[in-house]
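Trainee: The structure follows.
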Amino acid sequence: MNRTVKVAILGSGNIGTDLMYKILKKRWVLELSMIAGIDPQSEGLARARAEGVYATAGGIDAILEDPEIKIVFDATSAKAHLKHAKRLKEAGKVAIDLTPAAVGPYVVPPVNLMEHVDKDNVNLITCGGQATIPLVYAVSRVANVKYAEMVSTVSSSSAGPGTRQNIDEFTFTTSRGLEVIGGAEKGKAIIILNPAKPPILMRNTVYIAYEDGDDHQIRHSIGQMIHDVQQYVPGYRLKGEPIFDRRETPKGRLDVVILLLEVEGAGDFLPVSAGNLDIMTASAKQVGEVIAKRLIEMTSTA
C-alpha cells in the first residue's frame, strides 16, 4: 500500500518556493514530484533542481501530463487559478488554492478543514484570512459576532508581484471569509504594505463587536485557538492580552474585543519577517497532509 501521495506545486515564486522547503523539511505523506512555473530563469525552479525536485517551466501543462500527481498546490495568482481550476478538476486532481480566487470552499485548518477533505478544490483565502479568521471564529463560537474588522500590516519586501496583483481580491475574499468562516454578520478587511527597513513582522489588528458574550469564555476560546494554530505556525502569537470595551460600531453600540496579533515566519526559505507568506504555506501543507492521508485511507479500503 502506498504511504505517500504524489503532489506538485504550480508557481515557482516566493510562496511556491517556501512551500517546497516546508514539504521537503518534514516528509510524511506528501511526495513532492514536481514544481512547475513559467519562467525558465526562475530562482524557485533553480532551487528545486538543487534539492533534487523535478522543475519545469512548462506550467500547468507539465503537471497535467503526469497522471500520478494527485494533489496540486496552486501558488500562482487569482486570475490564473480561475483558468487552472477547471483543467485540474477534469484531470481528477485535487487543487489546493493559495490564491484569493475562491473557486472552492474557504478552508482554515483549525476551523473547518475536516468538513472539506473530500472536495476537489479548496481555497486558503488569504494570508490575512488565515491569520485573523481563527480569532473571529473563536469569539463567534461563544458569542454572537455582529461585526469583525481586520487590518493586516505586512512588510513591503514580502509582497511579491502575485500579492500586489491580488490586492482587490485580498480585501474581498478576506472580508467574505470573516463572515462565512469566522461567523461575523459583517466583515471588513484592510491590508497595508509597510516599506520599513529592517522589515517588520506581520501584524494584525482584529476588532470584533459582539452580543451575548462572556469575557471569560471569550478569553478562554481565543487562548485555545492560539494554541491550535501554533501547532503548524509556531510564530503565531498575541502581542498582549485581549482588550475588552464597549463602543459605537457600524452595528450600533456593542461590546468589543480588540486583539493585536503577530506572525513570525519559520524562516524555511523566506525571512522570518514574511509571516504573511509563511502562514499561507504552513496552512497549505497542513491541508495537503490531511487530504493526502484521506486519499491513502481510501486506497487501502478500496
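Every residue gets a Cβ built from N, Cα and C, even glycine.
These came from Swiss-Prot, pasted as-is:
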type	residues	note
BINDING	Ser12, Gly13, Asn14, Ile15, Ser158, Ala159, Gly160, Pro161, Gly162, Thr163, Arg164, Gln165, Asn166, Asn276	NAD(+) binding site
ACT_SITE	Cys127	active site, acyl-thioester intermediate
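Neighbours and distances for these, please.
Mentor: Taking all protein chains in view, 24 other C-beta atoms sit within 10 angstroms of the C-beta of Ser158 (NAD(+) binding site).
Contacts of Cys127 (active site, acyl-thioester intermediate) defined by a Cβ separation under 8 A and a same-chain sequence distance of 6+ are given as Ser152, Val154, Met202, Asn276, Leu277, Ile279, Met280, in order along the sequence.
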Trainee: Among the binding-site residues Ser12, Asn14, Asn166, whose Cβ has the fewest other Cβ atoms within 10 Å?
Mentor: Asn166
Trainee: With Cβ-Cβ distance below 8 Å and at least 6 positions apart along the chain, what are the contacts of Gly160 (NAD(+) binding site)? List them in sequence order.
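Mentor: For Gly160 (NAD(+) binding site), the qualifying residues are Gly13, Asn14, Ile15.
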Trainee: Give the number of CB atoms, excluding that of Arg164 (NAD(+) binding site) itself, located within 10 Å of its CB.
Mentor: 11
